[in-house]
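As recorded in Swiss-Prot:
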BINDING   His14, Asp172, Gly173, Lys174, Arg238, Phe239, Asp247, Arg253, Lys254, Ala270, Lys274  ATP binding site
BINDING   Asp16  Mg(2+) binding site
BINDING   Glu42  K(+) binding site
BINDING   Glu55, Gln98, Asp247, Lys278  L-methionine binding site
REGION    98-108  region 'Flexible loop'
Amino acid sequence: MRRLFTSESVTEGHPDKMCDQISDAILDAILKNDPNGRVACETAVTTGMVMVMGEISTNCYVDIPKVVREVISDIGYTRAKYGFDAETCSVLTSIDEQSQDIAMGVDEALESRQGQKDDVEAIGAGDQGIMFGFATNETKEYMPLPINMAHKLSRKLAEVRKNGTLAYLRPDGKTQVTVEYEDNKPVRIDAVVVSTQHDPEVTQEQIQKDIMEHVIKTVVPNEWLDDETKYYINPTGRFVIGGPHGDTGLTGRKIIVDTYGGSGRHGGGAFSGKDPTKVDRSAAYAARWVAKNLVAAGVADKIEIGLAYAIGVARPVSLLVNTFGTEKIEDSKIVDIVNKVFDLRPGAIIRDLELKRPIYRQTAAYGHFGRTDVELPWEQLNKVDEIKKYI
């Protein structure tokens, strides 16, 4: 059976992604000096203004406006004619400490309060919720092809803008890739969409020619393209007004872009601006780590891992494995393997993936998973041999 599946990505200059990067840059600045800092940092951007708000408990000082302006400058909003300028935008902050009612459950998990002395039990989940991880062998990154290609196109857009190849481009942009599948295997790319902000004087014809030559053709392998592939480059005909001047941005509003592009499920919790005691983030990373190692070990061609937690409790309340009919062994045995090989309590996840480090801003654009341009601990294939012992 043939079907089409589509995923999108956005560039670092998209207003929602700006907010994710600002929130994670503040998180990194705190973790750099206080690895045990508690951070729940949200950002909003609009024309000429940034607002940073949230709950932060730390023993270090961070110059939040300075961090905000550095991020905006790095992204490329450095001129007033872009509608947003790192030097002149206003930065408002409204920060409180983490609620003591939340902190008491995170500082000492229910298991620890009941007398269990394991150090890992001392950390309870920072909230209730469900988190999913996903992996597939259809790309070498163990990611679905549509989101994999969409992210590469978005990164290339930023690259050719920043290195001067296409100096008329501006920071905001979006990409989208539609892949045709036959019997659940990708066989071709059916459509590519690239929308990029640009200077007003450049023509649509020039943009289409340059994007095709310097972005699409350099990113998408020829074997995925054919005479029937459709290309939509700035299909509205003009994209001059963009970034926060064109749309208000918020942290956590690109959760499908951040994960698997719609392949597999999402528990709804965003990542950026959250320290690793928040299982929205750390457990989703762990679920990806589990799924990727299982697929790499040959347990299945495609796996989704579902985890659920209760606030203040260390041990997951449920573990779900879905192999979509691609399993090489029974799903029940896969669950047993996961329980033997991986410790999915928050304290163990933080320990095993070394999540108290300032590593998060680099994840806040172009996806948290399947990255080859940065080293991320949940992407390591360090459990494959151990998994194979139990197959």
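Every residue gets a Cβ built from N, Cα and C, even glycine.
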Reduced DSSP assignment, the residue listed as 'Mg(2+) binding site': helix
Site of maximum Cβ density within 10 Å, from binding-site residues Lys254, Lys274, Lys278: Lys274
Cα within 10 Å of Glu55 (L-methionine binding site) - qualifying binding-site residues among His14, Glu42, Gly173, Arg238, Lys254: Glu42
Candidates Gln98, Asp247, Lys254, Lys274 (binding-site residues) with Cα within 10 Å of Asp16 (Mg(2+) binding site): Asp247, Lys254
